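Read the structure below first, then the notes.
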Amino acid sequence: FPAPRSCDVCNFRTSEEVDLEERLHELDLRSDSDIPDVPPPTDSTPEILKRALSGLSARWKNWWIRGILSLAMISGFFLIIYLGSFMLMLLVLSIQVKCYHEIITIGYRVYHSYDLPWFRSLSWYFLLCVNYFFYGETVADYFATFVQRREQLQFLIRYHRFISFALYLTGFCMFVLSLVKKHYRLQFYMFAWTHVTLLITVTQSHLVIQNLFEGMIWFLVPISSVICNDITAYIFGFFFGRTPLIKLSPKKTWEGFIGGFFSTVVFGFIFSYFLAQHQYFVCPVEYNSETNRFVTECEPSELFQMKKYSVPPLLQAVLGWETVNMYPFQMHSFALSTFASLIGPFGGFFASGFKRAFKIKDFADTIPGHGGIMDRFDCQYLMATFVHVYITSFIRGPNPSKLLKQLLILQPEQQLSVYKTLKSHLVEKGILQPSLRG
């Protein structure tokens, strides 16, 4: 018998397979207008505020709600700063988990009708795996002395990366086993959704904590600059806004953008001046194994020691000053504030585009008048990455304390070898006198 032609083979497909293929093809080609609607968030404004502001227009009602809640959040933030660096780390972790939850929930709601197997369980499993990896790296770097005293922890740290990879591989295999014929494409969509969400939230929050260990000032100035820019841009836009800035966010105006920029630069310069005067804010955060507490005690580096600078000739005529005393860190605050006000908002524009793609106003309704946690921290993630790159590129040098901790972990014979090599090097440099025994 002659072999069947390709078109004859096509005719052998069942009608169910044809319908499934057409459905998936339509899913690939559908436009943004075809994306399933996400249920709108409920109004979580406290009843007492609703009654107090009932006589105002919607515009001014939103103004007061945002203002009152902003003051409450800022007050809570100052309280956590007072409680110390460990509480700040817990705050960062809590915000990371909540942001992840909000983004994953949107994906779950959009594709809920397809009933994807194991989607939510695997999403949270991958979150645990990635956090285990990043926080384990942090423990190995900054808690080496503490780990050295705990035999059960030594095993976990020594094989940390292998354990992390094994955990991730388990999740990967579980995902492959969960694949269902009629949901292949959607399941891979959501697999990618989960990993991009991990990239946005977990890796960035890890960088925030890395910045915090460099000194609380590297945590507070960038975050406060973004908050200041957000508030002042809103105020300038509310009262003076006339010219639209970008279509993705129609309420953003050039007046708000420019006003926010100048306000943030001035704020960053002044705020840096006050923080640079205190060891609590400028010293690197270190773990004291003897007291089992985080400490911020050190001799401040040159960045945080007052210096005299010459004023440029063009400004001397305006200011009437030939020299000015300031902290070198204040010069770096210009870079941080500029990024926070000019580039940071693009994180917000990105989030606006994301929300428009899925027809939602806010990521959630966690904070009345503000939306979800992700709505408030969309610009902070860009800022965290910039600060980390800025520190590693222009600020950070060799860290003797960290190097000493790593040396103390070595075996005695390895420590002796390092000692002999270092001694020989110092003798060659003429810093040490050679031994009489030669």
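Any Cβ shown, glycine's included, is placed from N, Cα and C.
Note that the structure is predicted; figures quoted are calculated from it, not measured.
If you check TrEMBL, you get these features:
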- 63-95: transmembrane segment (TRANSMEM)
- 116-135: transmembrane segment (TRANSMEM)
- 155-177: transmembrane segment (TRANSMEM)
- 189-209: transmembrane segment (TRANSMEM)
- 215-241: transmembrane segment (TRANSMEM)
- 253-276: transmembrane segment (TRANSMEM)
- 329-351: transmembrane segment (TRANSMEM)
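Sequence-distant contacts of the transmembrane segment (329-351), counting only residues of its own chain at least 6 positions beyond either end whose CB sits under 8 Å from a CB of the stretch, comprise 217, 221-222, 225-226, 228-229, 233, 246, 248-249, 252, 257, 260-261, 264-265, 267-269, 271-273, 276, 282, 303-304, 363, 374-375, 378-383, 386-387, 390, 394-395. Between the transmembrane segment (215-241) and the stretches 63-95, 116-135, 155-177, 189-209, 253-276, it is 253-276 that has the most C-beta pairs under 8 angstroms.
It is 116-135 that, among the stretches 116-135, 189-209, 253-276, forms the most Cβ pairs under 8 Å with the transmembrane segment (155-177).
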